Amino acid sequence: MKSFHIRIIKSIDRPLSYQNFLEIEPPTTTLQLTNMEGSHQKMPSEIEEKHVYNKSKGLPISKEGLAVNVGGRGATQRRLQDYQVSMIGLCGGIGTGLFVGTGMAYAKAGPAGLLLAFIVVGIVLWCVMQSIAELATLLPSAGTFPHWATRFIDQAVGFSLALSYGYCYSIAIASEASASAVVVSYWTDLSPTVVITVGLVLILAINLSNVKFYGDVEVISGSIKVLCFLGLVIVSIVITTGGGPNHQVTGFRYWHDPGAWTNYNGITGPTGHFLGFLSSFVNASFSFIGVETVVIAAAEAINPHKSIPKAAQRVVYRIGFFYVLGALLIGMIVSPENPNLTSGTGNANSSPWVIAIKEAGIHALPSVVNACILVSAWSAGNSYCWVASRIIVAMTTDRLLPQVFGRVTRKGVPYVAVITAWLFGPFAYLSLGTGGSSEAFTWLLNLSTVPGLIAWATLSFCYIRFYAALKAQGISRDTLPWKSHFQPYAAWVGFVGSTIIVLVAGFPVFLKGNWSTSRFLASYIGIPIFIVPIIVWKLVNRTKFARASTIDLYSGRLQEGEITENEKPDTWWQRILDWIF
């Protein structure tokens, strides 16, 4: 019989530099078993058939040679290249909201109201992204968001965030699948059932493939969306300067007639203008929801220390180019009083871009734009399924769900989580009932937007607690691998701004004669869905609010062997590509 020695290993209490973050263990005492011959007693994760052990770096790696996420980060694999992460960050959440949903917001708010709404929501989002990118660079854990809430706030909040955020993106799959049926109706009377089914099958097939293939699909679909938007920008400039077939110069005509602001619900003056501005927040926010999901890619990125901060910085370009510039151009090419904006068709006919193109006398482009909208709907649904599945993985990592939901294939695909998230997609068939696809899309839009905004607020508060923990434990932010700007003020702006938008999201139902139970529920059901699980979890499990002095700032960070050295580009074209991606 072999005998064993017990060796007690104690770690250092606090790091002095980021190198210490890589070298020391969390402040715990561990037991390591060695036999008399000095060989290490292997753990189960080291002897699984699908893994081999890299003794030089101390990391489990896959057969393909890619490091497998361990230590509380799930079993997904690091396969996403920097350019794939950048494209996910730039285009991942762009769906029908940008191309179609802006029309409804424009009709409510007018040129100035729409532009201001996109600027305000954009500032809030930028602050949120700065906060979570810093966290993701240090702690690139699987699913990320609920894990942070558990660590920095309370396990009850982590559980609730996982439920509400996972629900948000699972429902969003149905929203985009429903939108695809609406989009196709522009060309043909093809049965919406067929269109929805094809879309859902594509989404499932792509997400059951390895994450590198998913990244390639996002790059292709993202490129189509970028090229489409570039084309719309050029066409808009041509139209507004009188270069269209009708040769009408619009300029800032619609800022003067009917005016920069609209009178909401017949209420005139500054009050009506302000209410119109507020009413556009939900539509504007829906266009932005999904930008933050690039951070979830940290657990599957080959080099998160480089790709995640770069993707966070690219958010500025995305906000400025896609949304602020888009809102400005919409206010120049079409009148907010155009009835097609609120026609409820949901396809290219209600897109402000297509309306302007038709009015300018250009006949070939509307179908091209509609095709891009269809690609956007399928791409966004694909992205939402990926996000929702990773949230489910995070719940298994934190033991909030049975471990069966975290099972992966040989290539690191969490297939049980993917299928579970995808099962919400068939809610899109609700659009086949009375009211049609466009009404179902509008309802699902509201259902998925508010939980997304609640997640923004919660993630910002995660950073506030992280910042407090750094101060309480005497750790300088200069020791972190990447430091975001204007902290902790940016996190507070993200938290307060997101909370305000959530509270005003459904205000129209409180105006005289506007009450609608369904619209009220769609606007505010996300709040109890978030709060009730927190209360129940705390009552059942008696969890406590995390104290700044004891918050874990160590486990889950990348180890030295997992950090890829950044090779500087040698040629001019490599430098250009490095700047873009």
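Every residue gets a Cβ built from N, Cα and C, even glycine.
As given in TrEMBL:
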DOMAIN    85-547  domain 'Amino acid permease/ SLC12A'
TRANSMEM  87-107  transmembrane segment
TRANSMEM  113-140  transmembrane segment
TRANSMEM  152-174  transmembrane segment
TRANSMEM  194-214  transmembrane segment
TRANSMEM  226-244  transmembrane segment
TRANSMEM  281-303  transmembrane segment
TRANSMEM  315-334  transmembrane segment
TRANSMEM  368-393  transmembrane segment
TRANSMEM  413-432  transmembrane segment
TRANSMEM  444-468  transmembrane segment
TRANSMEM  489-509  transmembrane segment
TRANSMEM  521-540  transmembrane segment
Distal contacts, the transmembrane segment (489-509) - CB-CB under 8 A, six or more residues away: 120-121, 123-128, 130-131, 265, 275, 278-279, 281-282, 285, 446, 449-450, 453-454, 456-457, 459-461, 463-464, 467, 515-516, 519-520, 522-524, 526-527
Contact between the transmembrane segment (444-468) and the transmembrane segment (152-174) (at least 3 Cβ pairs under 8 Å, separation 6+): yes
Residue numbers, six or more beyond the limits of the transmembrane segment (521-540), whose CB comes under 8 Å of its CB atoms: 154-157, 159-161, 163-164, 167-168, 282, 443, 446-447, 450-451, 454, 502, 505-506, 509
Average model confidence [pLDDT] within the domain 'Amino acid permease/ SLC12A' (85-547): 82
Interface check, the transmembrane segment (113-140) with the transmembrane segment (315-334), three or more C-beta pairs under 8 A: yes
Interface check, the transmembrane segment (413-432) with the transmembrane segment (194-214), three or more C-beta pairs under 8 A: yes
Segment proximity, the transmembrane segment (281-303) to the transmembrane segment (315-334), 3 or more C-beta pairs under 8 Å: yes
Positions on the same chain near the transmembrane segment (194-214), where near means CB under 8 A and six or more residues out: 76-77, 79-81, 84, 173, 176-178, 180-181, 184, 300, 377-378, 381-382, 385-386, 389, 411-413, 415, 418-419, 422, 425-426, 428-429, 431
